[in-house]
Amino acid sequence: MSIVTGIEEEHLSGAVSGDEGNKPVPSDVTLDKNGDSFHTDLSPKYFNGVEISKLTKSQMKKYQKCLKWEKLKKEKRAKERLKNKEKKRFAKEHNIDLGPSRKKLKQAKMKDSPCKTSVVIDLSFDDLMIDKDMAKTVKQILRVYTLNRRAKAPMQLHLTSYGGRSKKEMERHHGYEHWDLNFHSQCYLDIFPKSKLVYLSSESDIILQTLEEDKIYIIGGLVDHNAHKGICYEKAVKQGIAHAQLPISDYFWMKDRKILTINQVFEILLGVSEGKTFKEAFEEVLPSRKQKIPIEEKLNESQTKKAELDDSNDTINDPPKN
């Protein structure tokens, strides 16, 4: 949704354009005490290309919701700035090293990184996703890029088979072509040595135990895995390249299938590349809703149930007392 009242189309913040082309205009939007109405000194005013005065009831509700969100976002940012300021003051008083700032981390480039392990996101599944899932895929890639940019030692990140719908969706994000990210229109087979490729798939019977610096790890750029179960594994087998699954089952029992988002898989790989164990990376990244249970607890639970069952059978088989 786009609001031409000082709420930027992509992020609902900052300056946007009015009828005068691309000239930015300042924002001056307020809400009443109930948060149900607003006013602005800007004119003309638009929401999704429609004048505010001509919005339908449902469009007006969406518009008001966006304005509320913008207000809450500004309040949240103000609180974060205050919190960070207090954190820095406390660290200075107690001589605590907070490490490199986010600004400094963003200056770290892949080419200068001591980490030479490569990660590829395979974007050859455009035709298998609806527009909504395509947008989700790109959103997850943006999260991957953010994680890598903030890393002390960024991994070597590549997008392959980049074009078509994925490129069109990416182009919605201004300045993406200047990101510290390798874009390739070709398939990974045309870029890297076949012997170095490892496709990550939960269907693989091979467990990944360590990351090797000279390997290239491939993550399938696909959101709706349930509709295309095993597609990444089948692709790796068909192409004759190595495949492996993350060692989740070595440390955790999970109720659901071990399907993670693109950014979750990348964050785990990034954590391990920075020196964490796989278990530590899983504990940080795997969401609680995945209902992960440490494998030791699951084994103890199974043994307890077995012992209780054995005791029950012994009681049933005991001869009756006279």
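Quick reminder: no glycine exception, Cβ is built from N, Cα and C everywhere.
According to TrEMBL, the feature active site, proton acceptor maps to Asp224.
Long-range Cβ neighbours of Gly220 (S-adenosyl-L-methionine binding site) (same chain, at least 6 residues apart, Cβ-Cβ under 8 Å): Asp122, Phe125, Tyr199, Leu200, Ser201, Ile231, Cys232, Lys235, Ile262. Residues annotated as S-adenosyl-L-methionine binding site in TrEMBL: Leu200, Gly220, Cys232, Leu246.
Summarising the annotation, TrEMBL assigns compositional bias 'Basic and acidic residues' to 296-309.
Taken from TrEMBL, the feature domain 'SAM-dependent MTase TRM10-type' covers 101-293.
Look at TrEMBL and you will find 11-36 (among others) tagged as region 'Disordered'.
If you look up TrEMBL, you'll see 296-322 (among others) marked as region 'Disordered'.
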What mean pLDDT does the predicted model reach across the domain 'SAM-dependent MTase TRM10-type' (101-293)?
-> 90
Which of the three DSSP-derived classes (helix, strand, coil) applies to Cys232 (S-adenosyl-L-methionine binding site)?
-> helix
Determine which residues of the same chain, besides Leu200, Gly220, Cys232, Leu246, have their CB within 8 A of the center of the CB atoms at the recorded S-adenosyl-L-methionine site, and list them by sequence.
-> Tyr199, Ser201, Ser202, Ser204, Ile218, Ile219, His243, Gln245, Val265
DSSP three-state assignment (helix, strand or coil) for Leu246 (S-adenosyl-L-methionine binding site) | coil
